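Chemist: Below: one structure in structure tokens.
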Amino acid sequence: MTIAVCPGSYDPVTAGHLDVIERSARFFDEVHVVVAVNAAKTPMFSEATRVDVIRRALDKAGCKNVTVSSTDGLITDYCKKVGATVIIKGLRQNGDYEAELGMALVNRKLAGIETLFLPADPILEHISSSIVKDVARHGGDVTGMVPDCVVPMLADALAEERQRKD
């Protein structure tokens, strides 16, 4: 059985993330989507919320061989714990490769875990969590960029953010 891990901050999960996860689920017996907690980042959504939203989106997509969880440790440690031999990362044309290559080499050196890069769907490659939040902050419509359940959550989170600033 081949087990893969798709790590990310998923703040929020986007249509591009889901595309990579769904495509990965076709190639591997088991895929673990891992919300990686990064102490250097201040997320908009809680760890539990991000896990829940991804689960709901993947249930709707019918992905039966995908597990969603989180970790605040090294992804390689998580991989060892679940027996994963591959880390999956989606790549856009915006410099993702350069950013991800160094991490892939470290992961292979630390734990012998390979990284498989999947190119983003050209229709989705412009979408990132940062862009989604920026568009929403400025009143733009993010429908289609994120799962349907994220749209109202994003509006609520931004309303709370504005109230804190006032």
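Residue positions begin at 1 at the first shown residue.
Every residue gets a Cβ built from N, Cα and C, even glycine.
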Chemist: For the substrate site that Swiss-Prot gives with Ser9, Ile75, Lys89, which of Lys41, Lys109, Lys133 also belongs there?
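Modeler: The one candidate that Swiss-Prot places in that substrate site: Lys41.
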Chemist: These are the binding-site residues: Ser9, Ser129. Which one scores highest on other Cβ atoms within 10 Å?
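Modeler: Selected residue: Ser129.
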Chemist: Specify the secondary structure state of Lys41 (substrate binding site) as given by DSSP, simplified to three classes.
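Modeler: Its secondary structure by DSSP: coil.
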Chemist: Considering all pairs of residues in Ser9, Tyr10, His17, Gly90, Leu91, Arg92, Glu100, Leu124, Glu125, His126, Ile127, Ser128, Ser129, Ser130, annotated in the record as contacting ATP, what is the maximal C-alpha distance expressed in whole angstrom?
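Modeler: So the maximum pairwise Cα distance among the ATP binders is 19 Å.
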